[in-house]
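Report on the following structure.
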Amino acid sequence: MSDKPPLRILLCAPRGFCAGVVRAIDVVEAALVRFGPPVYVRHEIVHNRYVVDALKRKGAVFIEELDEAPDGDRPVVFSAHGVAKSVPAAAKARNLIAIDATCPLVTKVHREAEIHHKRGRLVLLIGHAGHPEVIGTMGQLPEGAVLLVETVADVAALALPADAAELAYVTQTTLSIDDTADVVAALKARFPLIHGPHKEDICYATTNRQEAVKRVAPECDGLVVVGAPNSSNSQRLREVAERAGCRVARLVQRATDIDWDEFSGLATLGVTAGASAPEILVEEIIDAFAERYAVTVETVSTADESVFFPLPRELRAPAAE
Ligand code: SF4
């Protein structure tokens, strides 16, 4: 008989890598094969240190700005979060080989914003200031053509007349579903003529991971989100668990981040992972709990995912063309 206390682990599904993250990592790996190292990657390709370190060991060089890459014909990969239009233009001007790993679901938002702008509409972007995706989306249009709104209070504070006809909104892909619904409702109440996406811009992966946490959280006294502090979708998962009443909901990158005093005396623990966290780190976390508890693991599945994005054309094998 084990003298460890019992712990029921409810493992959320879907969790972890989304199709955009898988593609972004594949892009860097394919570029390393095609061009050989070094391959420059602007910004963390995805927000996960484990993934970034693994790619560094293979020859990827991570930079924050293009001017950190030397002039010449080396490849530069743009991260899954997307970049402002000025970035590929600057790469072209310096004869760098630009490879775009922007998630197609982020590119879709870029195109929506462009279409609204072409139709003469002021674009309101719902998102978090400073996030790379927000910087990239705002950078699709000239300065002043996009206004950022983060909260319902921001909507109330917009210096626009209520009858402003030519308005539209788009959103960051990794937001809280519930908070965004509140901001959209506030926009529609204040600007009844505002144009918006037919279906929201929050992506399938963000939606599915939040729904899975909503399902398990009411049964759990604790929940661990495996993910990085700068990962928007991971932070949102932690908030969803907290709002659902989990006594302790924490974002951890590795098992060594767990504060075992906080996670003592648990009966049921929820486990999930943000869209940029690899499954090996989920296993590491479960193993760490198994050292202290007699764990049983149940998977709670709320959706099936089969989304796949092919590599950019320039990296596809000739046979796949
Ligand atoms: S979280 Fe969504 S938008 Fe972001 S990379 Fe994944 S699928 Fe694309």
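Placed from the backbone N, Cα and C atoms, the Cβ positions cover glycine too.
These features come from TrEMBL:
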| type | residues | note |
| --- | --- | --- |
| ACT_SITE | Glu133 | active site, proton donor |
| BINDING | Cys18, Cys103, Cys203 | [4Fe-4S] cluster binding site |
| BINDING | His47, His81, His131, Ser231, Ser232, Asn233, Ser276 | isopentenyl diphosphate binding site |
| BINDING | His47, His81, His131, Thr173, Ser231, Ser232, Asn233, Ser276 | (2E)-4-hydroxy-3-methylbut-2-enyl diphosphate binding site |
| BINDING | His47, His81, His131, Ser231, Ser232, Asn233, Ser276 | dimethylallyl diphosphate binding site |
Exercise. Within 10 Å of His81 (isopentenyl diphosphate binding site) by C-alpha distance: pick out those among the binding-site residues Cys18, Cys103, Cys203, and say none if nothing qualifies.
Key: Cys103
Quiz item: If one looks at the chain holding His47 (isopentenyl diphosphate binding site), which residues at least 6 apart in sequence have a CB under 8 angstroms from its CB?
Solution: Gly227, Ala228, Asn230, Ser231, Ser232, Ser234, Gly274, Ser276
Practice problem: By CA-CA distance, flag whichever of Cys18, Cys103, Thr173, Cys203 among the binding-site residues is nearest to His131 (isopentenyl diphosphate binding site). | Solution: Thr173
Quiz item: For the binding-site residues His47, His81, His131, Ser231, Ser232, Ser276, which residues place their CB under 6 A from an atom of ligand 1?
Solution: none
Quiz prompt | Spatial neighbours of the residue listed as 'active site, proton donor' that are distant in sequence (at least 6 apart) but have CB under 8 A | solution = His81, Gly82, Val106, Gly127, Gln172, Thr173, Thr174, Ser232
Practice problem: Based on Cβ atoms within 10 Å, give me the single least packed residue among the binding-site residues His81, His131. | Solution: His131
Quiz prompt | Cβ-based neighbourhood (8 Å from the centroid) of the (2E)-4-hydroxy-3-methylbut-2-enyl diphosphate site, residues His47, His81, His131, Thr173, Ser231, Ser232, Asn233, Ser276 excluded | solution = Val46, Pro132, Glu133, Thr174, Asn230, Ser234, Gly274, Ala275
Quiz item: Which chain neighbours of the [4Fe-4S] cluster site, leaving out Cys18, Cys103, Cys203, have a Cβ atom within 8 Å of the mean position of the site's Cβ atoms?
Solution: Ala19, Gly20, Val21, Ala80, Leu105, Val106, Thr173, Thr174, Tyr204, Ala205, Thr206, Ala275, Val307
